[in-house]
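Q: Got a structure for you, written out below as structure tokens; questions coming shortly.
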Amino acid sequence: MDDKQWERFLVPYRQAVEELKVKLKGIRTLYEYEDDHSPIEFVTGRVKPVASILEKARRKSIPLHEIETMQDIAGLRIMCQFVDDIQIVKEMLFARKDFTVVDQRDYIAEHKESGYRSYHLVVLYPLQTVSGEKHVLVEIQIRTLAMNFWATIEHSLNYKYSGNIPEKVKLRLQRASEAASRLDEEMSEIRGEVQEAQAAFSRKKKGSEQQ
């Protein structure tokens, strides 16, 4: 495909990311209206660059005419404050009627050897386009802020070392992953106190805005 064909091919994926970001951010807004803790802290999204798509297709032996079977061309990340929030968000997504969950991978219960932790869902999302309805695959990653910090660092190191991270650095990453996991556990233990403090701050902020 030339540049124009790739641009046309990626249009529905960009549309899917933007629509889902609006919908998922809307969930957080509804919790805020109710002065309740939102299991969603924030949402980000992206469409894979063409170079990354081609690299993965080569690595996974995916022919170009089957490129739509790639599950993460469109991707969203949902960040949560607490590990328990991940289960709540997961149940919300499974209950939705505007897309269908077609795959899931739990890297929290069984983290990768590198130390990577996250919960992945793949959904089939229907789009309304000028040519009619089109379904695209979107990967949704759900993780805590600590998990996301670790994953961002690992991604940067993978890029720096072209996927061949030195063993000494790998060991430090694994230790950092264990530390991040302990942090999540500790935060879960004081969840009630954290939420009370956040609620008090939110009430104070609203009060000052109304004055």
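Using the three backbone atoms N, Cα and C, a Cβ is placed for every residue, glycine included.
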Q: Say Swiss-Prot lists K21, V22, K23, L24, K25, G26, I27, R28, E41, F42 as binding guanosine 3'-diphosphate 5'-triphosphate 2: which of N148, N158 is in the same site, per that record?
A: N148
Q: Around R105 (guanosine 3'-diphosphate 5'-triphosphate 1 binding site), how many other C-beta atoms are within 10 angstroms of its C-beta?
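A: Other Cβ atoms found within 10 Å: 16.
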Q: Cα distance, E139 (active site, proton acceptor) to I27 (guanosine 3'-diphosphate 5'-triphosphate 2 binding site), nearest Å?
A: 18
Q: Tell me, how many other CB atoms lie within 10 A of the CB of I27 (guanosine 3'-diphosphate 5'-triphosphate 2 binding site), whichever protein chain they belong to?
A: 18
